[in-house]
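Undergrad: According to Swiss-Prot, the active site, glycyl thioester intermediate annotation covers Cys227, on the basis of sequence analysis. For Cys392, the entry in Swiss-Prot reads active site, cysteine persulfide intermediate, with the evidence type sequence analysis. Swiss-Prot lists Gly80, Asp101, Thr108, Asn109, Leu110, His111, Arg112, Lys125, Asp169, Asn170 with the feature ATP binding site, giving sequence analysis as the kind of evidence. Residues or ranges marked as Zn(2+) binding site in Swiss-Prot: Cys210, Cys213, Cys285, Cys288. Marked as domain 'Rhodanese' by Swiss-Prot on the basis of sequence analysis: 335-436.
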Amino acid sequence: MEGDTEIAELESDIRTLRKQLKEKVQQLKTLKKHFQKNCITKLNNNEIARYSRQIILSEIGVQGQLKLKRASVLVVGAGGLGCPSSLYLAGAGVGHIGILDYDEVELTNLHRQLLHTESTVGLTKVDSARDYLQELNSQIEVSTHHTQLTSDNALTILEQYDIVVDATDNVATRYLLNDACVLLKKPLVSGSALQLEGQLTVYNHKSGPCYRCLFPNPPPPETVTNCGDGGVLGAITGVIGALQALETIKIILGNDGVLSGRLLLFDGHQSSFRNLKLRGKKADCVACSDNPSLTKLIDYEQFCSMKATDKDSHLDLLSPEERITVQEYKSIVDSKQRHVLVDVRGANQFEICQLPCSVNVPIEDILKNRRGVTDILGSSESDDEVAVFVVCRRGNDSQLAVRHLAPLFKERGLPTPRDIVGGLHAWTRNVDKEFPIY
């Protein structure tokens, strides 16, 4: 069709222009490096005008602005925290900002990751973030690392920067960043945000503790919730990300009041902050003590029993006999076999979309024994042959529910419930592509 041809031509033109723009940006970057080497001891007129509102602060001044200009910061994660933190670092005039992320921009990112736009969906996050930051401030250098941080590349990448900002959303990477920063003697500005709450601290700064001082061992995988599962309000990541930039700037300037040895908690429900004193540096910490046993990076996915990515985790708690695929469940529905489908998502998620005839019993009610076998089976309990299947959004909470319910069903001599592998996301991918995904 004529419209399809026109769209294809425009998309091709955009790809060509992006390639040309990338080449020009690289040329500009090379030219800037050449001149910046000769003027690193002073501010030019453009910089004085641009940063004047912060230069006049007694805490910054000309010498402070020069410190910012000479500084280099690596932001690990170009998502909800990394976007606001890198934005304010660029605005403040940090001379070299590195952006590390392995992912591409998705529509679900845009409510909180404000460096990305509808036009950059499908691009790598690092390229999208770099383009935005350089549009904001052409006088700084922005380097990109489109890769997943691993034990093999972490030291090589981190050693190029003065300070590291942890803007990730998974436990394994937190341990990896901590250990790498300890080995390289670099401060780590760590933030997290979930639902309507956030927290912030600085590790490995001067005599303060590192992450392992406070958390020597990782939590069980099934107890960890990321924003993909638990949700997050974009304004919360904005608050914490901006504060990460503030702490980074204070470290660069050498100012007092850095959140080392303290934890800042933000409650978005009440719009309140709490400042807690943390335990000091652990004398026998495996990473940062005087005689550390950890002298090189390890396999952090193995150590934490979870993937070192911000992508949705996939638990594996049940035996194959306790699970069925979405295709198998579709066959059960088509054959009109009598069964009960339990959806363990929260009521607000259940309202978004649900499979026909499913019963909503939230996972929290199941785990806290507020609702059990009778709530699930109802009048069907007298039928020993009724099959019970459990579904959730991605197939994690449903496994927890089955593991909790199995002994209760066994006590009553009833067949064990079975988990639907991959949850509603798998249903959309493999059975009904029109079923909403979120």
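Using N, Cα and C of the backbone, Cβ positions are placed for all residues, glycine too.
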Undergrad: With every protein chain in view, what's the tally of Cβ atoms within 10 Å of the Cβ of Asp169 (ATP binding site), excluding that atom itself?
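TA: If we count other Cβ atoms within 10 Å of Asp169 (ATP binding site), we arrive at 24.
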Undergrad: Same-chain residues six or more away whose CB lies under 8 A from the CB of Leu110 (ATP binding site)?
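TA: Listed in sequence order, they are His116, Thr117, Glu118, Val121.
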Undergrad: Determine the Cβ neighbour count for Cys392 (active site, cysteine persulfide intermediate): the number of other Cβ atoms within 10 Å of its Cβ.
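TA: Its Cβ has 26 other Cβ atoms within 10 Å.
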Undergrad: Can you count helix, strand and coil residues in the domain 'Rhodanese' (335-436) using DSSP?
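TA: Each residue of the domain 'Rhodanese' (335-436) counted once, the result is 44 helix, 16 strand, 42 coil.
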Undergrad: Pull out the recorded positions from the set Cys210, Cys213, Cys227, Cys288, Cys392 whose C-alpha sits within 10 Å of the C-alpha of Asp169 (ATP binding site).
TA: Cys227
Undergrad: Run through the Cβ atoms and count how many others sit within 10 Å of the one on Cys288 (Zn(2+) binding site).
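TA: Its Cβ has 23 other Cβ atoms within 10 Å.
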Undergrad: Counting only residues 6+ apart in the same chain, whose Cβ is under 8 Å from the Cβ of Cys210 (Zn(2+) binding site)?
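TA: Those within reach of Cys210 (Zn(2+) binding site), by Cβ under 8 Å and sequence separation of 6 or more, are Asn178, Cys181, Val182, Leu188, Tyr203, Asn204, Lys281, Cys285, Ala287, Cys288.
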Undergrad: If we check Cα distances from Arg112 (ATP binding site), which of the recorded positions Cys213, Cys227, Cys392 wins as closest?
TA: Cys227
Undergrad: From the recorded positions Cys213, Cys227, Cys392, pick the residue whose C-alpha lies nearest to the C-alpha of Gly80 (ATP binding site).
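TA: Answer for the nearest of the recorded positions: Cys227.
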Undergrad: Taking the mean position of the Cβ atoms of Cys210, Cys213, Cys285, Cys288 as the Zn(2+) site, which residues outside that list, in the same chain, have a Cβ no more than 8 Å away, listed in sequence order?
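TA: In sequence order, the nearby non-listed residues are Asn178, Val182, Tyr203, Asn204, Pro209, Tyr211, Arg212, Lys281, Lys282, Val286, Ala287, Ser289.
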Undergrad: Return the residues near Cys213 (Zn(2+) binding site) by Cβ distance under 8 Å, restricted to its own chain and a separation of at least 6 in sequence.
TA: Arg279, Gly280, Lys281, Lys282, Cys285, Ala287, Cys288
Undergrad: Taking only the residues in the domain 'Rhodanese' (335-436), give me the average pLDDT of this model.
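TA: Here the mean pLDDT over the domain 'Rhodanese' (335-436) amounts to 89.
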Undergrad: Could you measure the widest C-alpha to C-alpha distance across Gly80, Asp101, Thr108, Asn109, Leu110, His111, Arg112, Lys125, Asp169, Asn170, the residues recorded as binding ATP, and give it to a whole number of angstrom?
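TA: Value for the max Cα separation, rounded to a whole number: 20 Å.
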Undergrad: For the binding-site residues Thr108, Arg112, which one has the sparsest Cβ surroundings, going by other Cβ atoms within 10 Å?
TA: Thr108
